Amino acid sequence: MNPHATPVLVLSLALGTTITISSNHWVLAWTGLEINTLAIIPLISKSHHPRAVEAATKYFLTQAAASALVLFSSMTNAWATGQWDITQLNHPTSCLLLTAAIAIKLGLVPFHFWFPEVLQGSPLMTALLLSTLMKFPPLTLLLMTSKSLNPALLTAMALASAALGGWMGLNQTQTRKILAFSSISHLGWIAIILVYSPKLALLTFYLYTIMTSAVFMALNKIKALNLSMVLTSWTKTPVLNATLMLVLLSLAGLPPLTGFMPKWLIIQELTKQEMTPAAMAIAMLSLLSLFFYLRLAYHSTITLPPNSSNHMKQWYTSKPPSTPTAILASLSILLLPLSPMIHAIV
């Protein structure tokens, strides 16, 4: 791919995201989603590997179907109510169609099948965009229409996402697939609280974005595409690997790390809403995800590959330090004491 094309595509992604999150009209929001889809496809397929082309094709087909559903939902609502305003989604059929469309775009269960496959075929930094930035516009649409959505349907999808995200990640050896199922599991936590506290759902997404970005950037630094490559990277970048372990534990939601904050606040809010069984179920299902995070963390630091003693520790490293990775990793680990302030601001 032409090197000058990448900045144009990244700017297009920023433009599409900005249009969607700042619009009040359904057609403008749909336009932003389409710009995003068309801008990310060349980034997915830029390696020209058959798997990358396959991933780009799968992504295009699913996103095109979801965008058509968004448009159909808004047209049905406009036909019934005469309103094109995003916040005026009052028609029950339109609400159901929109929930399905956004679930496809986000990769929520039962529309999650495309997401791990697309992530597996993408480069690590494109996978980072797919897991974080590309989820922001559809999530914004859900937040803007949260008062019209069906809480029972979203709770069922959320619990299914937390369950399948945990179960399907258990036997994975590819880091991108592990992070794809991690994303599905986290989306379950966001979806379950969306109707009751949209601000808390947004806070959860922000913290998930920070932690996932730190993991992807660390994996990109050590060029680790599977568990065995993570295993052999300890001798070259010990500090980065130790940091990666802490960020993974934060992503799992262990105290006293940042990732514990959203889980704690969501369980508290669900209990206030008299949804204690749902809170208990999603808390138990997060133990499934904890297992594969622990396995990845164990591979990244504790278990060393068998090799000769003179190769165990290298005093030099060819990898220069990365400031964004350091900042994101620090935020992923140290934000829990600031929970009251962050919750008050958001």
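Any Cβ shown, glycine's included, is placed from N, Cα and C.
Per Swiss-Prot, the features are as follows:
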type     : residues : note
TRANSMEM : 1-21     : transmembrane segment
TRANSMEM : 25-45    : transmembrane segment
TRANSMEM : 60-80    : transmembrane segment
TRANSMEM : 95-115   : transmembrane segment
TRANSMEM : 124-144  : transmembrane segment
TRANSMEM : 149-169  : transmembrane segment
TRANSMEM : 178-195  : transmembrane segment
TRANSMEM : 200-219  : transmembrane segment
TRANSMEM : 242-262  : transmembrane segment
TRANSMEM : 274-294  : transmembrane segment
TRANSMEM : 326-346  : transmembrane segment
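Between the transmembrane segment (178-195) and the listed ranges 1-21, 60-80, 124-144, 274-294, the one holding the most Cβ pairs under 8 Å is 274-294. With respect to Cβ pairs under 8 Å, the transmembrane segment (242-262) is most closely packed against 326-346, considering the stretches 60-80, 149-169, 200-219, 274-294, 326-346. Proximity of distant same-chain residues to the transmembrane segment (60-80), defined by a Cβ-Cβ separation under 8 Å and at least 6 residues beyond the stretch ends, is recorded for 26-27, 29-30, 33-34, 37, 41, 88-91, 93-95, 97-98, 100-102, 104-105, 111, 114, 141.
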